[in-house]
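The [4Fe-4S] cluster binding site annotation in Swiss-Prot covers 36 and rests on sequence analysis. What Swiss-Prot records for 294 is active site, proton donor. According to Swiss-Prot, the substrate binding site annotation covers 429, 430, on the basis of sequence analysis.
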């Protein structure tokens, strides 16, 4: 456990709550002190939910610390069972309440004796896993619980569907553009003539889980959530999985080809090559854009990519092989799956950074000075301080990345959206230069800031005057180089002469 200004992946209980609240008619009881109960507000705000978030906090207070939690937790479970009539109640502690080392499994067994619904304790180690790992584990636990019971009761369907069908796994609440991606994947499957058997967990009921084995294959669009469930279904019911994220023209085609292979291995005779060709050459604007003069203007520009495994790896490959952009750094905060990420981006970037320390990423960006950043909300903040444009491509994100309009990131429409995001993220040098020359509605004195909140150097008026004469698109670099030179020389004030000397020293 550590105190952090910024966390890329939240604590484990957030992952469990994301899964439980994604299901329909499932309630969660969170055994936690006040302060850990921010999930309800966060979900209601970001997802703009019309309904109350189905999470209740069983508050750990001084009475609980004195008498123990059993009576209070069981009472809360039974009360919610009576009030909400859920199909399932999931009990989860937080990393804080786990310190009490209480036997919550015993509480669950006691509650089962009186509850009308099923009751589960989330099987997650809150000290060892983060939000994404906990979400993946909780989804697999719930699916396994209901399928194992259906097997014991003999109620599992014994045959696959007549026509090719798919389970889409890992679509959750608070996921990055998950709602739009779900719609786009359903459209893509319909275009391929594949029936969507289930979308788990978003909007699904636990009663639907027993029908999962009927699908011909499982699609896992995000590596972070759904992989454990797909592995369980593959091992137990011999259901193949497709785990290629269909982001970008090339990866979408690769995903469709793997789906074709999986279906044909099971007796179908499908050929999706004409569909891929038609979408790539005529329907999608992304492929056309990659041959345009606009895309050629981006060739060789330097970019930094950072995010979760799925989005960071996908964007690194899109920028490099589809747009000709030079990725100087590709990174992820998913340290638990670093080997996969390094293998995926090998050959597409100069350097790989595996870290969940936002300062390490910020320092790398400041050092590399790319033309654009593609990262999370934190990299967006870093970009603002350094005057480097940033496109947000992965969680964690703020409200503006839960758009009301339709903005998927997967499939062919997602490829179009990615093109817009990438192109609009780069600042064209002439644009800033013309604003400097002719002015505009929002002209103001702009000085690029460093990563640090403050500076120990004093810019004198004549130094600032000279700095403002430098075109905006290189001004930030000149300012940072001048400050670096001043520190090396032991100077505390920067005048015009110091700026000239710095330029001379750098050979500019």
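Cβ atoms here come from the backbone N, Cα and C positions, even for glycine.
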**Item:** Cα-to-Cα gap, residue 294 (active site, proton donor) vs residue 36 ([4Fe-4S] cluster binding site), nearest whole Å
**Value:** 48
**Asked** Where's the emptiest Cβ shell within 10 Å among the recorded positions 36, 294?
**Response** 294
**Message:** Going by DSSP, is the residue listed as '[4Fe-4S] cluster binding site' sitting in a helix, a strand, or coil?
**Reply:** coil
